[in-house]
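Engineer: Here you go, one structure.
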Amino acid sequence: MKKELIQTPRGVRDLIGIDAQLHEYLVDKFKKISMLNGFKPINTPIIEFFKLFEAKSGEEIKKSMYVFKDKAGRLLALRPEVTASIVRAYLKHMQGWTKPIRLYYVGQCFRYEEPQRGRYREFWQAGLEIIGEKNINADLSVAFTASKYLEEIGIKHYYIVGNVAIYRAVMSKYGLSIEEQDHVLHLIDKKMIDEALNYLKQKNEELYEIINELLKTPLSKLENFLEQYREILEDKYDQLKEELNKLNIFINNLRELGFNAIYDPSLVRGLAYYTGLIFEYKATKGLDISIGGGGRYDGLTEIYGGTYEYSTGLALGLDRLMLIMKEISYNPPKPISALIIILGNTPITIGYKIQEKLSSIGISSWIYTTNKLRKALSIANKENIDFAIIIGEKEYRQEKISIKDLQAKEQITINNKMLEKTLLDLLLNK
């Protein structure tokens, strides 16, 4: 065996065994909760043109992208996140749809970052997007849906909430370009506060003082802050008053719905397309890491050449959710299972007819042919299977089936027509 042929590149991994089962469980639950909350599925390509992400993904993400040329010389990239692809798909296919458009997705993303616990170069995101709704209800809808999902999979969590609109309004008033604003927000997002403030100080002393004050201003004092700098903000003042109102409504509504929400003035998030309200999720138990987040990206459609649309969304990191669930020793519910054991020369087709019956009552099963019952039962026990359905040549001739409860260590023999009823009775008595 050649060792180099079985190695995976750094930062990617195989999902097998319990990890694969947990991943499928998380995906299935997310799809179910999303659909129950009025979202529809969308799948976009893993490969996109590089310029799609170059336009507005953010300083760090652009540096960490997997970028390559195809055989025709076109510059392509593996998607580092999904929202940009959703907006592109909206502009290409959905502009005539009734709004708001409510979408959910699950998919792989790629970033060339230093691998560490909870961070991979290939990672999975599950997300929600709403395009075409200005009202704070859209932000609450994506946040509430994700919270119900996290509750469903057993992860207690809280919100950290912020707003980038005030930062951008102040910086734009002092003449900073969008690129310069993105750089400052990138530094703040990485908690490199001193570096961000030094950069601003070199641009303008007064700007430095305002941003420094903003970073220390609690939610209860934000209105006073806006009043203090009303003359500087000028035409942005009314817009920021509205943003502050949305911020308060969002936090108060989350609390009313039973979720803990904390305002953090230094929360700005790394994606450059955020325009206003933003938030992150953190688990109350397990790893002290962000498990997801989102916010407003109004006008991203216009940057990509379409008409201006109000939009909001979020993404959850499935890999981090898996880590936390393993930290708190949470195991996904296992479906009832059976091993159908066909002994000797018993026709194998009887096994498939039984499997069809088991599927109809929601029991997972597979067929194993052997001459050695002990070996088959050993396999069933190692696989933690609930029931063994045993059909030997004698049982087949008599139209009978033996059912062995592998947990209770009890066995009965029945007429094969009674299989579904007998199993259902056994399950009810468990």
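The backbone N, Cα and C atoms fix where each Cβ goes, and this holds for glycine too.
The following feature annotations were taken from TrEMBL:
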type	residues	note
DOMAIN	22-333	domain 'Aminoacyl-transfer RNA synthetases class-II family profile'
BINDING	E81, V82, T83, R111, Q125, E129, R269, Y273, Y274	L-histidine binding site
COILED	197-257	coiled coil
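Just tell me what is around each of these and how deep it sits.
Structural biologist: DSSP assigns T83 (L-histidine binding site) to a helix. Its Cβ taken as reference, T83 (L-histidine binding site) is surrounded by 25 other Cβ atoms within 10 Å in the chains shown.
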Engineer: So the record assigns E81, V82, T83, R111, Q125, E129, R269, Y273, Y274 to L-histidine. If I measure every Cα pair among those residues, what is the longest distance in angstrom, as a whole number?
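Structural biologist: Roughly 21 Å, rounded to the nearest whole number.
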